[in-house]
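Inspection log for the structure reproduced underneath, given as structure tokens.
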Amino acid sequence: MATRHFLTLLDLSPDELRYLIQRAISIKNGLKTHGPTYTPFANRTLAMIFEKSSTRTRVSFETAMAQFGGHALFLSPRDTQLGRGEPIGDTARVLAEMVDAVMIRTFSHQGLEAYAAASTVPVINALTDDYHPCQLLADVMTWTELRGSVKGRTAVWIGDGNNMCHSWINAARQFDFQLRICCPEGYEPRQDILAAAGDRVSIHRDPLQAVANADLVTTDVWASMGQEEEQARREADFAGLQVSEAMLDQAKDDVLFLHCLPAHRGEEISTTLLDDPRAVVWQEAGNRLHAQKALIEFLLLGRVEG
Ligand code: CP
Ligand code: NVA
């Protein structure tokens, strides 16, 4: 059987993604009731290559491996041969001789694809400049846990047409919900990703109109990792797009607010938004652990019932 990778949400079928969400919820509930007694990853190793900073992604993958009886290796370009120019294809072939799966956080999505093409073990995208699919597993899991099936519902993305926005577009395709994107001119998501989603996704300029009657509102930082020098210009360009409690008041009464975090209070969100009960970002962050356990289990072992 060909090696399955998870580079974007399009690498799994809608049916497989729905399975993963339900499996993640079931794993989470099992952890609550039985404790960490299920160890399907005994003697398995996940290599984690981080070329950008991380708190949630590193801790959730490392803890997922530990709780499921396996082991995770943190690898940074600073102290591996990757940082001294060893070709990524060579690194992929070497690691595949030793570990069971590889997780990569990097800049170039093409670089990630090149790595995956050379890898005979599953490769997981832990964020590139273009996508962050693992975050969407946790986000859809959180939305589903709190509100049931997301099919046919309406989510609103406020802010930059960035890697998270691209993954929300793919989620709208795969989970069959509507997505309204409210961004400044010049900060739209990539046209090909948008076009492939058809009429499930629309572009808006007025945030209050965009959130009207929405089931879910989400946003992200205005300057992503690697764009630090654009911070000042972006703060000016995104003025007026700060998500606030008053903005959520325009949405449905039971609207949820998600943010992948880290958040910049006073920029993309009001200083108090994360204290509002409609914000469920801590549950969302915690769900990274459960969603990624389900993902790695699926990539290594296939579907598990129960
Ligand atoms: N949301 C997210 O991926 O967080 P980290 O950058 O801390 O991993
Ligand atoms: N868009 C952000 C997401 C961080 C989790 C970034 O790429 O920095």
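Cβ from N, Cα, C; glycine included.
The domain 'Aspartate/ornithine carbamoyltransferase carbamoyl-P binding' annotation in TrEMBL covers 4-145. Sequence annotations record features per position, and here TrEMBL assigns carbamoyl phosphate binding site to Ser54, Thr55, Arg56, Thr57, Gln81, Arg105, His132, Pro133, Cys134, Gln135, Cys260, Leu261, Arg288. Annotation comment: TrEMBL describes 151-298 as domain 'Aspartate/ornithine carbamoyltransferase Asp/Orn-binding'. Marked as L-ornithine binding site by TrEMBL: Asn163, Asp220, Ser224, Met225.
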Sequence-ordered binding-site residues from Ser54, Asp220, Ser224, Met225, Arg288 with Cβ under 6 Å of an atom of ligand 2: Asp220, Ser224, Met225
Beyond the site residues Asn163, Asp220, Ser224, Met225: chain residues whose C-beta lies within 8 Å of the centroid, for L-ornithine: Leu127, Asp129, His132, Asp160, Asn162, Met164, Val221, Gly226, Gln227
Cα proximity to Ser54 (carbamoyl phosphate binding site), best match among binding-site residues Asn163, Asp220, Ser224, Met225: Met225
Minimum Cα separation from Ser224 (L-ornithine binding site), reported as the residue among binding-site residues Arg56, Gln81, Cys134, Cys260, Arg288 that achieves it: Cys260
Annotated binding-site residues Ser54, Arg56, Cys134, Ser224, Met225, Cys260, filtered by Cβ under 6 Å to ligand 1: Ser54, Arg56, Cys260
From binding-site residues Asn163, Asp220, Met225, the one whose Cα lies nearest Cys260 (carbamoyl phosphate binding site): Asp220
Among the L-ornithine-binding set Asn163, Asp220, Ser224, Met225, as the record gives it, the longest Cα-Cα distance in Å: 12
